[in-house]
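Asker: I'd like to ask some things about the structure below.
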Amino acid sequence: MNKKKKPFLGMPAPLGYVPGLGRGATGFTTRSDIGPARDANDPVDDRHAPPGKRTVGDQMKKNQAADDDDEDLNDTNYDEFNGYAGSLFSSGPYEKDDEEADAIYAALDKRMDERRKERREQREKEEIEKYRMERPKIQQQFSDLKRKLAEVTEEEWLSIPEVGDARNKRQRNPRYEKLTPVPDSFFAKHLQTGENHTSVDPRQTQFGGLNTPYPGGLNTPYPGGMTPGLMTPGTGELDMRKIGQARNTLMDMRLSQVSDSVSGQTVVDPKGYLTDLNSMIPTHGGDINDIKKARLLLKSVRETNPHHPPAWIASARLEEVTGKLQVARNLIMKGTEMCPKSEDVWLEAARLQPGDTAKAVVAQAVRHLPQSVRIYIRAAELETDIRAKKRVLRKALEHVPNSVRLWKAAVELEEPEDARIMLSRAVECCPTSVELWLALARLETYENARKVLNKARENIPTDRHIWITAAKLEEANGNTQMVEKIIDRAITSLRANGVEINREQWIQDAEECDRAGSVATCQAVMRAVIGIGIEEEDRKHTWMEDADSCVAHNALECARAIYAYALQVFPSKKSVWLRAAYFEKNHGTRESLEALLQRAVAHCPKAEVLWLMGAKSKWLAGDVPAARSILALAFQANPNSEEIWLAAVKLESENNEYERARRLLAKARSSAPTARVFMKSVKLEWVLGNITAAQELCEEALRHYEDFPKLWMMKGQIEEQGELMERAREAYNQGLKKCPHSTPLWLLLSRLEEKIGQLTRARAILEKSRLKNPKNPGLWLESVRLEYRAGLKNIANTLMAKALQECPNSGILWSEAVFLEARPQRKTKSVDALKKCEHDPHVLLAVAKLFWSERKITKAREWFHRTVKIDSDLGDAWAFFYKFELQHGTEEQQEEVRKRCENAEPRHGELWCAVSKDITNWQRKIGEILVLVAARIKNTF
């Protein structure tokens, strides 16, 4: 019992108890406390009831309060102006009209409360600040003194006295000292256990004496009577420290002897002995009582059913887990006596026993179970010598010649020639094992392998692997014409034997053949099974999915076979030709791509994209005349095709044939006068420096296509390039009248006004653009950046908040919002952005830049990879990725990013378009533009 807590605390007071009466205090009672007189025989006693329930007066008040629910309509409760103090109809029903009236009054109260709410809150805030300035907190008053606490040293801290009234505490709270004699059992116990010091004094000499630390002292030559050195004999105590040292020495000697002996090599590992001991310690978290219960239950099971093998195995494993390995061994050996025909018991006994003993256990098991394959395998595993393993397995095969597992284990230990001989015998003993037949075929010569596979087909006519292996054998020996026949015969034979042709399994086999290098076999398998089990209307879709799956599994020849078969079935489908062409472009050679495109344009001459891909392939290879000839053929098939005209113009302009490009554009304007043709004509003259011709062509184009915004943009940019700001503004304004929903036109006009210093006008233009084009992220982004460039960061943040409310799923806005925040809040903002736009490339790019700014290189590289994977057309992502690798990557990584960018050929991105569409960079390649954009990036984010 706690000495401080009294036993009567928390108990009800005895009857008639008066507080303080024991120390002389006198209480008094009144009539209201006593209450009315009561009979002496009345058992009820309310003198100690809670307040408010003790007297009759309290009960009367309670009854009166219960009656107060009724309306008090007395004249004393009536006022001429306000009427009755309470509601006259409080007891009436609360109807819908009353609810509407209350709602109206509540709305009025709320409206009145909101009036001047901001002024009231501002006034209250100022009053609170004024009050805190006049009456600061104690914490604020001592803040300057608290700073000086940093100068206090550790010694000064320790010298500060404890807080408390220590004047006469002992006199006020006297505590009697208790003395208890030490029992004799205490001394006897410590005398028996040899209690003594276990620490060694650093001054101790070799024989136990102490070196006197002072110059004038003497070195004690011999140990004293009870010094930490050699213990004085005759004391009757034991030195436990020396006993432990002797035991460790003895253990080292035994381990050394064991490590030197050959027979103990597999029994004890001296270096790992302590590790083995630790592994024997039970690692479970169960209660010791649970172990005892389990032990009793298992004992009961063993006694009631001693011939039940799982009981013996479970008992042995329980003892093993608890660390009693020898008990476990004894139990399992007794289990082998009770269950000599149980394979599991013998295997468990062999597992628990050490090396040589385990061999003896297995030998005994073989005598009881001479047909057990698992015991023979365990016996072979226990042998360390290869010859001994072979001897065990051959002995096993004498007893169990039809075990495939034993044959496989024996063959794995043999040399190729001996293995071939053993497999010849194995297929005789196990004629239904496909693995043994195939292994024998792989070890035989070509002619013998064919004979082996023929015998295998006779013995196992329902297995497809034998047929596929035969096809691979013919392909490996150059008989590719036999591959197709073998696969066709396989399908026919398997169906004749009642085997269902599983299309997915055959496709997996074809992929394995592809990975093994058997191209002809995989293609033959694909052609044979690709159309099995598919509805006619689902063929195209299913085959395209199969091709994509093969590409994902890196089985390119299988995918090529699928495309070839699909093109035979659908020779006029442009989409199939395109998929096959893109496959060859990404995974094939230039020659295979061009050959495929030649076949494609022969079957689909109206497919412009196929002609253009062929011309581009020739042009990239440097064969410009071949590209021209392809485009000429394309003109014949598509005489008024805008795409082919523009491709021809680009081909000539890229090869500096400007006059030929002009003539082509002139012909195109006469035969196919489209807006894009006019735009390319204007741009050609513009980049060549013929500004007058460009302006004339632009005016002519606008007369025909005044609703084409890019023409108005080019007109304004040409004027802006010549420093003719008024004419540029007029061009943009005219363009916006014709194309009010063109975001780039609004941006160009706004930036023009900002460039000449008209910030207010630029802001007004953007506000007007947002009214005409609501929920436009590009316009909101430009508005935010305009304020940010002007130094008005608060207004920029406010606009960004409004923009995110209007366009909550805009990735470009969220990416900008991340870097508008202060550094500590950027990570939180990026999490919000990812929740809203998980797969937006701008948000992924912002996260990559965020990790880059925090110098988390690995994570930044991972997020850059995600960005370019999800949208390879975003040039800004490639530029930032390349800049990142320039600073933190190797030359190989930089080159990889550049090559991937060139293959992706990005066309979009704010920074990318600013460089790629610059007139001075019109002839630059993708790789050069990438370098220029990366050079413009300054990682100040």
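Any Cβ shown, glycine's included, is placed from N, Cα and C.
Given the structure is predicted, the values throughout are model-derived calculations rather than measurements.
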Asker: Hey, which of S32, S91, S143 does Swiss-Prot call phosphoserine?
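Answerer: Matching S32, S91, S143 against Swiss-Prot annotations yields S143.
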Asker: May I have the DSSP-based helix, strand and coil counts for the residues of the repeat 'HAT 3' (445-476)?
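Answerer: Taking the repeat 'HAT 3' (445-476) as a whole: 27 helix, 0 strand, 5 coil.
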Asker: Per DSSP, what is the residue tally for the repeat 'HAT 4' (554-586) in helix, strand and coil?
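Answerer: Going through the repeat 'HAT 4' (554-586) residue by residue, I get 27 helix, 0 strand, 6 coil.
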Asker: Tally the residues of the repeat 'HAT 7' (689-721) by DSSP class, grouping H, G and I as helix, E and B as strand, and everything else as coil.
Answerer: 27 helix, 0 strand, 6 coil
Asker: Quick one: give me the count of other CB atoms within 10 A of the CB of S143 (phosphoserine).
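Answerer: There are 11 such Cβ atoms around S143 (phosphoserine).
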